[in-house]
Amino acid sequence: MSANPAAQTSRAPSAAFILKKSLISALVALVLFSLMIGVRTEAGPDGQLTYWTRFGDLAVMVAAVFGGSILIELFRQWWGPVDTARVVPAPVQNALAFGGRLVAPVLLVFTFLVPVLFYNERYILDLAILVLTYVMLGWGLNVVVGLAGLLDLGYVAFYAVGAYSYALLATNFGLSFWICLPLAGILAAFWGVLLGFPVLRLRGDYLAIVTLAFGEIIRLVLINWQSLTGGPNGVTGIPRPTLFGIPLTPADDGLAAMLGIEFSPTHRIVFLFYIILALALLTNWVTIRLRRLPIGRAWEALREDEVACRALGINTTTTKLTAFATGAMFGGLAGAFFATRQGFISPESFTFHESALVLAIVVLGGMGSQLGVALAALAMIGGFELFRGLDQYRMLVFGMAMVLLMIWRPRGLIGHRAPTVFLQRKEAISSDLVKEGHG
Amino acid sequence: MDYFAQQLINGLVLGSIYGLIAIGYTMVYGIVGMINFAHGDIFMIGGFIALITFLILVSFGLTAIPLILLIVLLVSMAITALYGWTVERIAYRPLRHSFRLAPMLSAIGMSFVLTNYSQVAQGARVKPVPPIITGGYTLHEGAEGFNVQLSNIQIIVVLTTVVLLALFTWLVSSTRLGRDMRACEQDQTMASLLGVDVDRTISMTFVIGAALAAVAGMMYLLYYGLVDFFMGFVAGIKAFTAAVLGGIGSLPGAMLGGLLIGLIETLWSAYFSVEYKDVAAFSILIVVLIFLPTGLLGRPEVEKV
């Protein structure tokens, strides 16, 4: 590479080159934004469309693109070509490896202590519950996408099935959360198998689009089957979980009265926090155990190469179906938890956006890395919360972040997809040597 | 019978719009092998740009409808094509040789960006326009006062689609660019060895796909008289369904699939229920993929180790 003179010159572009490139970018931006940002339309009170111009905003945007592309070019020049191998000194590497081993236990201990540390900060507790819900969803989807390599864009369907199962069973038949939780899991797993059957023969992008369609079908049915699901109004008055039958309410038979302490609504939040933590850890534990069973090995083999998998006599049908069912079950459990935490659910909570968010978490987490998924969930949901004040710009930023993260780290933040089993001795396999199992 | 004939006409018109979008999907899938998730939103952007251009032209006092439509069509095609180019340049080209999930997620991210960009830039409310092209013909006077109508706008939509298809088929089959595109579809490495600029060809594919989507967006605006920032998502999935139904990678297949999806959706709404029309379209997708994984006109994929 370095012997190539063309590569040498292109590595150090002149100021004129940068300026030219940025000018082109600015010009493209001017055309792109000219009508969409330069002109604003709105329907007037009489339904007649009117428009007004916003050339100031347009100028600001074009200037931002111009400045931005100069900065990007300068950064590129400083950083060098993308594929340069960056040698990290050995002591730093060792320290990183040591730190890497510590991350998981430290994170776990910290998570256990969150309700203690932030007992009085309702907002942080709520956020922690939300993050844990997504960690659980991420770990659940990880079974399907990360381990079995089946691209599922309709994961939210199982989340919805779980949530509606609990909500309907609890409001119609008065069943308690602890009975409904496994039921929701089983029902979701059943739906997972139901989806799994028709898509067994599909792979890759076809699978993605069918699962996406499935997710949309479930949502549309939830909206339109008004007599059962309440349509767009959703289900209200979903009961809260109890601790062995003791409700966490200020009533006389509530937990606070029984223990003789003063009631506080925070008790329930903390209780919910530990429920979702337990559920998430259960997901993690089951996944780790399953990976060491023949079925887990079969999933990983399926991900790496389906044809080879079949040649080895692995039953791909059951392998795929179990992956779908297991992932769906965890989605269903998370859904039941979501319903009981919110006390109200409607189809609006189960849009494609949720599926994309969970999938983004799994892919960013490095497809198969449990710790990576947890960190990605923390980063995504935390980052999402940081932009809460931006309101309508939030989704815009989310989309941009998704694109930029994919360009920056296509294999995720922890892009290390090592198989669980190795031949003879342990050796790390670089992630770019491992290819998708599309066979 | 009259009712059925009317639904048939409506279905064909809707199907033409889906077909125009589906071509963009099928072309990109054929060459790059990825689902361009943002394509539905490109269609939406096309609709918005057509709307804004139209408003500006009218406020400048232009009254000749054909002239207005022509300018709107050209402006909308040009700017939307640039959107397609930019999306490819920013979100897909850096990931060309990356592993397969990466461009897919990048595309989903880009779809969010475009949807929310138009929401931020143009507001969340639906933008209605008064009917621009009015009038039509009564084809058949029914006995119970139900007439089979063919409106001018329907004729324009179908005619535009046919003309564009003819143009596009010519482009793919007998121009240098079309030959390059077909070469890239078969083998990118070999094509580049033989002097085809692969990057440029892929860019042009996105540009053409976006331009066709812009036409679809404009037709949608004329036909339904409204645009909103969220219309790209559902239209996009349906057009993709159409592309899969016709056999992805096949251009006549995309058009055929579009017509079929349009017909199924219209007839389903007419005879069963309007609420479940999308469910019907998506179920068709699933059923087709089970029984005809390569679609109606697609080539079977060879399984390689």
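We number each residue from 1, going along the chain as drawn.
Every residue gets a Cβ built from N, Cα and C, even glycine.
Feature annotations, reproduced from TrEMBL:
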| type | residues | note |
| --- | --- | --- |
| TRANSMEM | B:12-35 | transmembrane segment |
| TRANSMEM | B:42-62 | transmembrane segment |
| TRANSMEM | B:68-87 | transmembrane segment |
| TRANSMEM | B:99-118 | transmembrane segment |
| TRANSMEM | B:153-172 | transmembrane segment |
| TRANSMEM | B:202-223 | transmembrane segment |
| TRANSMEM | B:280-298 | transmembrane segment |
Residue list, the transmembrane segment (B:153-172) vs rest of chain: Cβ under 8 Å, 6 or more residues beyond ends. 9-10, 12-13, 16-17, 19-20, 23, 131-133, 136, 178, 181-182, 208, 212, 215, 219, 222-223, 251, 255
Which of B:12-35, B:68-87, B:202-223, B:280-298 contacts the transmembrane segment (B:42-62) most, counting Cβ pairs under 8 Å: B:202-223
Given B:68-87, B:202-223, B:280-298, the one sharing the most C-beta pairs under 8 Å with the transmembrane segment (B:12-35) is B:202-223
In the same chain, which residue numbers or ranges, 6 or more beyond the ends of the transmembrane segment (B:202-223), come under 8 angstroms Cβ to Cβ? 13, 16-18, 20-21, 23-25, 27-28, 31-32, 36, 39, 42-51, 54, 72-73, 76-85, 87-89, 92-93, 129, 132-133, 153-154, 156-157, 160-161, 164, 168, 171, 177, 181, 184, 231, 235
With a Cβ cut-off under 8 Å, give me the same-chain residues at least six positions beyond the ends of the transmembrane segment (B:280-298) that come close to it. 237-238, 241, 244-250, 252-253, 256-257, 261, 264-265, 268, 272
